[in-house]
Amino acid sequence: MIFKYNVCVVLVVVLSIWANIEGRSVSKFLTEETVGTKWAVLVAGSNGWFNYRHQADVCHAYQILKKGGLKDENIIVFMYDDIANNTMNPRPGVIINNPHGQDVYKGVPKDYVGEDVNAENFFNVILANKSGITGGSGKVLNSAPNDHIFIYYTDHGGPGIISMPTGLVYANDLINVLKKKHASGTYSKLVFYLEACESGSMFDGLLPEGLNIYVTTASNPNESSWGTYCQMGAGGPCLVECPPPEFKGVCLGDLYSVAWMEDSDAEDRQTETLNDQYNTVANRTAANLTYGSHVMQYGDTVLSVDVLFQYMGAASVNHSLVSMNSESSSQNVDQRDVELFYLTSKYQDAPEGSDEHFETRVKLIKTIAERSQVDNSVKHIGDLLFGVEKGIEVLQHVRPAGQPLVDNWDCLKSYIETFEVHCGKLSSYGKKHIRGIANICNAGIESEQMASAIAQACSS
């Protein structure tokens, strides 16, 4: 009789718990109850007015996490901080990430700004190596074994690299840092969202399973990512939805980034899973592949069943920011062309005969010439090393999915450094040629040969 009574009591308790979590699975309930602290690292790796969108993306991401209940002490922000109070900003002290114009800059922590936004600080923050930090707030990822980490990085990129205001983050170095973080036993699960051209190349063939890391990227290893909410000056067409008219020539956001953030604003993060969001973002980002990209997944994709709440917290649903129809045929702007887009818009909008019209025309001509020069220099190097008939073929070769960009990362780093010494720094446009330099390494070209070809190609 006592046994039957105890069973009845247990059944009543279980039913009571079930009633209190109606609409949620038991596994989800248990996960929410046992998760530790939620941490986030947000990185905008660019500077300059025409790169407005990257800092706008990061500020918006901060607002999502803050409203979701994450504390400032657990959110670490990297951004150059030269946009909100830029003399070009038509709304001083304000940054928007959406044509509806809500300020996302207010309250954002200034953990690492200016020259403190660099690869060394980024890596040391992840590894909680406070002694390795230079400048900034000194805030690091002091996470514990049960904690969840969300990393969001938005910037220019290229094959095997993502940019910082100065310097590069190489894929192999990033993967090694993530492996060290896992080995330290200081997190339970980690989610990484990456917006950059060729962003898939940062993980493809490099990130192993078993680290409890789930990654999505804005593009596959071989394609650009895209800016969005852009408008050409002088009454030109809107690309996607029109930004406010005073923001001519800049993109307010990036397509993949806006897609995941507007989805996070509009959906219930206590029920939507990472996989749900991946599918929504992938559909929107690839709605028109003439002006879009393939969103990718890497790492432990089994984590995609987790609900967004576990990483981003929860907040009241904001239906005013519902994403645009994913079937829209609207255009966006290739990230590599955003500077050209900005200068063209500014040139068209400037009064004819004015100093601004003349100065912008000079900058535009210079930018186009520099793009042509780097294209010709890399082609010339390929011709010298492999012959005119095979040079382009070797430089443009794309390895099969699942293979890393390059076998010898030290070779790639050394050859990029040599190229930049003789041919000039690789711009956001020029970084697309890193694949060609990687293929030169993969072909076994010796450093003396490479140095000679670079010197010859860039002295002519």
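Using the three backbone atoms N, Cα and C, a Cβ is placed for every residue, glycine included.
Cβ-based neighbour count (10 Å, all protein chains) for HIS156 (active site) stands at 25. The active site annotation in TrEMBL covers HIS156.
Proximity of CYS197 (active site, nucleophile) to non-local residues of its own chain (separation of 6 or more, Cβ distance below 8 Å) is seen for HIS156, GLY157, GLY158, SER219, GLU223, SER224, SER225, GLN335, ARG336, LYS431, LYS432, given in sequence order. The active site, nucleophile annotation in TrEMBL covers CYS197.
Averaged over the domain 'Legumain prodomain' (363-458), the predicted model has a pLDDT of 95. Here TrEMBL flags 363-458 as domain 'Legumain prodomain'.
TrEMBL lists 1-23 with the feature signal peptide.
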Counting by DSSP, what is the helix, strand and coil composition of the domain 'Legumain prodomain' (363-458)?
70 helix, 0 strand, 26 coil
